[in-house]
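Asker: One structure is given below, represented as structure tokens, and several questions about it will come after.
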């Protein structure tokens, strides 16, 4: 029978000092036999996805205390990728994932907490907390802040839905008037919550649901809706039950590594492919799998991508649907239901509620459930009122979207595409693979060949795109922007957005060893591995080289002979200490980022730290 970890600091005469300090936090004698549960919050006023979380930790804590636990809250950092985008701030985004994971480990282990409730929401916060949860392997429940309502505005006598990416594109489009650009900017992000499309934050919150570590509805129920409060209340109660099951009944099924098993990781990736999620989820799932000591690799993702269809299409791949529409159609469970009926899921998995997949679908799939309360929850909709307050409205759709032929979520028979929303490509400069979000690629350019225009920084590429130096048919290559080379593996949302602004979104490709925002669409291929800074062949590409992209056949090829590539590699190695570094880039890199770069692996390993360099 495992002993409460917290007993280390609450029991025994030699822990009198620790108990004295616990008493100073408000604990009493009666508390010293109870489980201490960390409420891991990420409130910050910097990030719209987190600005409403200040009081939600207290909400969870009250339920923990009422159920017989002791709640202790702390905060992690949270970087807003959208605000950090397009300047040096983006160098810090991905490294912040490791800092978040480490800080959770530090706090929980230093104070011997028994379990956690993780209150996350945005791009690197959910993955960082997920990595920490699987590393620590103590009972955990995730409950995120929820998606933002979609922006809406009237243009050309039509009400259209908007999001952050629209503001970026229109702001850079010389054909758009100042007044229209201003109108879109003011309308794009109307409420608190994670950006309204199937971008990285919402993708990851959907995946925690598929992994079984959060409750049904977590990935899609709006931040502003009153129904979301129940998820927080339930999380506080349920974590005490899970904690007691493990420590008092020796039930290891309550542990995250037994919930988020390899079968669950496969289900999560299947969901990701079916819903056309962000390519960043590949990075984060690979990283989380390593923390869980699960053998889940790019090869597994490649196999799944070849058999899973696209059953859901959401912004940025279409402006018709946002997360509020996914929720109306049944949310994550609605997509999982269609995948299950198609025979594409592992059914022998459980979630934090203790339900198997068939039980979860029976109770929460809008196509199966007889529970009116569940149907009512999935009718929770937007209010269209600007606010930064959680749970501030209770508007509902008149009906559910259960049209599996033409609605937001489709059945296998009516799939948007028999090919899934993500694909892994391999070739002679991506020997370990690269990732493309096929959900956002126009059918006309699934096969594409063009001459390379090579840039060694995102900034130079943006300048060239806006300066008219990139033309139809070009393949823009941005290298030395990987985890080590950037360092920090910047997102390339501005280059892809500006290609659209310049009318090149369907006639150009962009390839990088960096990554893309979840808001990216178009022929945008990232995570090229090995990266240039690690000696990857992307560092050998020269202006004018032809590059052939073949998504249907999962290929990407630099049309240069092996002999020529060998000669280029020899010349590169002859640069000595300067080999595999940018030739014409000046970038100030802090000590903190250099420390990150010294241990970073390429994207095919999840951009995690290389444990072999630490002797582990």
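Including glycine, each Cβ sits where the backbone N, Cα and C put it.
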Asker: Quick one: which of 491, 531, 542, 564 does Swiss-Prot put in the Mg(2+) site with 81, 123, 124?
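Answerer: When Swiss-Prot describes the Mg(2+) site, the candidate it includes is 491.
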Asker: Cα of residue 195 ([2Fe-2S] cluster binding site) to Cα of residue 124 (Mg(2+) binding site): how many Å, rounded?
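Answerer: Rounded to a whole number, the Cα-Cα distance is 14 Å.
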Asker: Other than 81, 123, 124, 491 themselves, what residues in this chain have Cβ atoms within 8 Å of the centroid of the Mg(2+) site's Cβ atoms?
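Answerer: Close Cβ neighbours, site residues excluded: 79, 84, 93, 94, 122, 200, 201, 280, 517.
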Asker: Tally every other Cβ atom lying within 10 Å of the Cβ atom of residue 124 (Mg(2+) binding site).
Answerer: 30
Asker: Which residues, sitting 6 or more apart from residue 123 (Mg(2+) binding site) on the same chain, put a CB under 8 Å from its CB?
Answerer: 79, 81, 93, 199, 200, 201, 204, 280, 518
